[in-house]
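Contents: one structure, followed by commentary.
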Amino acid sequence: MPNDPVFSSPPSDRPSPKELAGLYEGDIVVKSKEELMGIIYGDVSRSAIASKFTRKFWPDAIVPYEITDEFKRSERRVIANAMAAYDEHTCIRFVPRKEEENYIHIYKGTGCSSYVGRKEGRQGLSLGDGCLYNGIVIHELMHAMGYWHEQSRSDRDDHVTIDWDNVADGRSMDFGKKSKEVSTNQGLPYDYDSVMHYEGNAFAKDKSKPTIIPNVEGFKLDYKNEFSKLDIEGLNMMYKCNEPRPTQPPRPTQPPRSTQPPRPPQPPRPPQTTRPPQPRGWPIRPILHPRPIQILWPTQPRPPTQPTTLACHDRYRKCSYWGHYGQCLSNPRFMTANCPRTCRKCNELYKLTYPRPVG
């Protein structure tokens, strides 16, 4: 599908859409000149303004968002597909905003732009004309997760050479390097294939010539339409996706609970000498199945148990995609049972521990 923005690339004979906003490094939003100067000339994590401008991450890897009505259905599909890529490869979940104070506001502004990391309150993320491509949406969302550009790493000069003579007037500061403390490389190797790496002719006077030249032959710094392996690894490290999460707080006053679920009360036995067959089909949890299935619940009431907080996971990798298209409201029974994290139904009727999807 060459014309589908989910799979295709922006026109190569035009400036990159990520440069159109005219912001710091093309697409990075900063709140003040003070913050920008701290980023460019010093390590904000050590400066006097550290408490104001240190990057913040999204708690529990849950990112509430809202999208304005100005996007067409085809454009919303591109956004949903990019969010589904996070769902598939990381523990990060984008969920439609309800009443959360901190959230991403996706709108059509001038060019493509985002803050780096989580900000307080409504956080704008612009996807203007020319930005609705899968790789660009992933790129801007990755800024919002807390990532800087790959070419601004502290070790950048070991891997690429900047042709300063071809850098457009007034854009030299866009090729600055972050300190080791601010860089978001997670200790991983430099990644020419990162979706966060700018194209070779970024901010060039002459777009037919590169401004960023790899120090290793064979690498081409062109538009990337999806995550690289190191992008995925870095995000999972940043949000501690591979670390076990507590399922419930300790209860010192309660005796140890059995790991087996309680059995339902059995009906009175009829007066006979032989034991009748036991009822079959007490489902402890839904069985994993490649297609959506109806969950059967026992006809007998479960015995009362102490309230508990269990780990809450989506069973399907497409949960955030379905939630984006309103399935939490239009198909609540299936979505609550199978996509509780996306629909934020973890504390309601279906308190089950779902295994993470493996397929």
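The backbone N, Cα and C atoms fix where each Cβ goes, and this holds for glycine too.
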*Taking Cys312 as one end of a disulfide recorded in TrEMBL, give the other end from among Cys112, Cys131, Cys241, Cys346.*
Cys346
*Starting from the Cα of Cys346 (disulfide bond), work out which of the recorded positions (His139, Glu140, His143, His149) are within 10 Å.*
none
_Using other CB atoms within 10 angstroms as the count, which residue among the disulfide-bonded residues Cys312, Cys346 scores least?_
Cys346
*For the binding-site residues His139, His143, His149, which one has its C-beta crowded by the most other C-beta atoms within 10 angstroms?*
His139
*asked:* What whole-number Å value do you get for the CA-CA distance of His149 (Zn(2+) binding site) and Glu140 (active site)?
replied: 10
*Using DSSP and three states only, what is Glu140 (active site)?*
helix
